[in-house]
Amino acid sequence: MPTLHIKSEKNAFSNIVLMPGDPVRAKYIAENYLANPVQINDTRLMLAYTGYYKNKKISVMSHGMGIPSASLYVRELILEYNVKKIIRVGTCGTIQNNIKLRDIVISMGASTDSKINRIRFNNHDYAAIADFEMIFHAFSTAKKMNFKVHIGNFFTTDSFYTESEDMLKILKKYNIIGIDMETAGIYAVAAELKAQALSICTVSDHIIKKDAVSSKDRESSFHNMITLSLETTLLL
């Protein structure tokens, strides 16, 4: 049944949903990678589509920016639409010298400066981790397709424009491979509701080198990430 934020019919979604942050990217994925895509939501302009990838039913829906927005949509998808598996397909920054622009990074866990997981976890630190089965299949698929991927810990931040030099040094020291604004929240909601989640991202910004993929080049740069994510769904 429709929720406060998703006005789709009960069986409109697949049990596997790819979730970019940007609704325009959700539309792009549906129109360029799925067969027979049907738009199933446009409430608050959070576009959602269901179609088929190699005869497997797949949905794609945007989750917006930040943990609160992403957590809200993930929760409603799992509780009201029986979604079992979430793959975040998005962008992230990096600070590691061995990781380059357009590289694919997979988050096996995510630390955060947000308080939301502490609120959920009775003011204790929660280890927000990806589902192992999904990591395994994504890594195996990447090897089979000869895609170079980096797997490690993310840092999910509430503050997009705050770049403390001291904090960046700490993140680099602890081998954080990706910085985003959603993964820690998505992993916590999925764990709480007994679902599976994984973030597969493309590096769009190297924060220390101050280098970035241009807005014009972003869609074409993310082909491998989207293909890897879709091929992974075939094993789930």
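Using the three backbone atoms N, Cα and C, a Cβ is placed for every residue, glycine included.
Record features, source Swiss-Prot:
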ACT_SITE  D205  active site, proton donor
BINDING   H5, D180, M181, E182, S204, D205  purine D-ribonucleoside binding site
BINDING   G21, R25, R44, R88, V89, G90, T91  phosphate binding site
SITE      R218  site 'Important for catalytic activity'
Integer Cα-Cα distance in angstrom, H5 (purine D-ribonucleoside binding site) to G21 (phosphate binding site): 15
Spatial neighbours of R88 (phosphate binding site), counting only the recorded positions D180, M181, S204, D205, R218 and Cα distances within 10 Å: none
Alpha-carbon distance [R218 (site 'Important for catalytic activity'); T91 (phosphate binding site)] in Å: 9
When distances run from the Cα of M181 (purine D-ribonucleoside binding site) to each of the recorded positions G21, R25, V89, D205, the nearest one: G21
C-alpha spacing of D205 (active site, proton donor) relative to G21 (phosphate binding site), in angstrom: 16
Cα proximity to R44 (phosphate binding site), best match among recorded positions D180, E182, S204, D205, R218: E182
Whole-number Å value for how far R218 (site 'Important for catalytic activity') lies from R25 (phosphate binding site) (Cα to Cα): 10
